[in-house]
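S.K.: One structure is given below, represented as structure tokens, and several questions about it will come after.
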């Protein structure tokens with residue numbers, strides 16, 4: 001059976017990188033994209049100069065300013081970021097049509113059957129990185145492997161502006177040395193659980209008795225054990241029919257209570273509106289949609305039919321309902337709208 005050739009591309013602090021590209025004076029100072037320190041604004045991203053001070057995405061602007069008083073926070077320009085994303089995807093399509101976007105600045109590419117560079121995934125990744133730097137003016141990191149999990153970990157391995165290639169022969173050795181925090185779904189609380197079991201790297205997880213893992217992680221245990229062995233059969237999925245429009249964020253530190261969850265909701269809703277900007281979705285909006293993933297990996301989703309003008313208050317109410325179902329620390333929040341086919345839903349629902 002032929003090994004797949006998967007590339008994971010991830011731009012380095014994307015929004016901030018675009019701003020630094022357009023204003024080189026920003027390159028050497030700590031800066032971030034977000035709202036003002038007054039109120040409940042949070043950051044979308046921060047450059048590496050700011051991250052030295054502990055500034056991170058989804059952090060309240062007021063907290064970031066306390067960590068780094070010299071931090072420059074600018075509002076950002078979603079249209080500019082979307083254009084850069086479109087330029088990146090145009091480059092991707094020169095090498096494959098099998099592209100799975102994860103966000104504006106991140107995507108999986110399946111180049112298994114690409115004829116470019118005699119089918120060399122490494123050469124393709126090198127060329128994509130070079131072209132994006134030349135044509136878009138920003139750096140991206142890339143991981144090349146036989147599956148999505150290892151490719152994504154590899155793209156993080158040498159950030160920023162790095163390329164990590166994991167050949168089939170080196171795959172098990174590579175994944176064995178990967179800290180478990182790199183596994184998707186492993187947050188702070190899960191790391192603490194694993195640490196209590198003596199698990200810090202995937203090699204530790206490989207050696208752990210499956211029944212012990214299952215007792216602590218339930219239905220997640222099989223996926224964790226597979227990833228720890230470097231096994232991931234998920235295909236690169238090309239979405240052909242949009243059934244929803246949404247944004248979500250996985251937090252580097254779990255949100256401990258409802259108040260912290262409500263504090264990050266405004267930036268998610270702002271990003272959602274920006275994603276909808278200039279796109280003719282309003283006549284198709286049928287339901288509000290909110291997702292919460294807790295620190296124990298359990299997930300809850302709430303939907304509510306749209307019966308009047310769109311209101312951010314509905315998302316706040318849905319968040320309260322979702323949080324009340326578990327009342328545990330939260331590692332991910334997603335907000336969005338379900339879409340109906342245009343011919344079935346013709347309401348005009350402007351934002352208020």
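Placement of Cβ uses the backbone N, Cα and C atoms for every residue, glycine included.
Residues or ranges marked as active site in Swiss-Prot: 106. The annotation Mg(2+) binding site is assigned in Swiss-Prot to 10, 105 on the grounds of sequence analysis. What Swiss-Prot lists as domain 'UmuC' is 6-187. Feature annotation from Swiss-Prot assigns site 'Substrate discrimination' to 15; the stated evidence is sequence analysis.
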S.K.: Between residue 106 (active site) and residue 10 (Mg(2+) binding site), what is the CA-CA distance rounded to a whole number of Å?
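M.R.: Between the Cα atoms of residue 106 (active site) and residue 10 (Mg(2+) binding site), the distance comes to 4 Å.
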S.K.: Let me check the 10 A CB neighbour count of residue 15 (site 'Substrate discrimination'). How many other CB atoms are there?
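M.R.: Around the Cβ of residue 15 (site 'Substrate discrimination'), 26 other Cβ atoms lie within 10 Å.
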S.K.: Through the lens of DSSP with three states only, how would you label residue 15 (site 'Substrate discrimination')?
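M.R.: DSSP call for residue 15 (site 'Substrate discrimination'): helix.
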S.K.: Looking only at the domain 'UmuC' (6-187), what is the model's average confidence as pLDDT?
M.R.: 93
S.K.: Would you mind pulling the DSSP three-state label for residue 105 (Mg(2+) binding site)?
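M.R.: Where residue 105 (Mg(2+) binding site) sits, the three-state DSSP reduction gives coil.
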S.K.: Would you count the other C-beta atoms found within 10 angstroms of the C-beta of residue 105 (Mg(2+) binding site) for me?
M.R.: 22
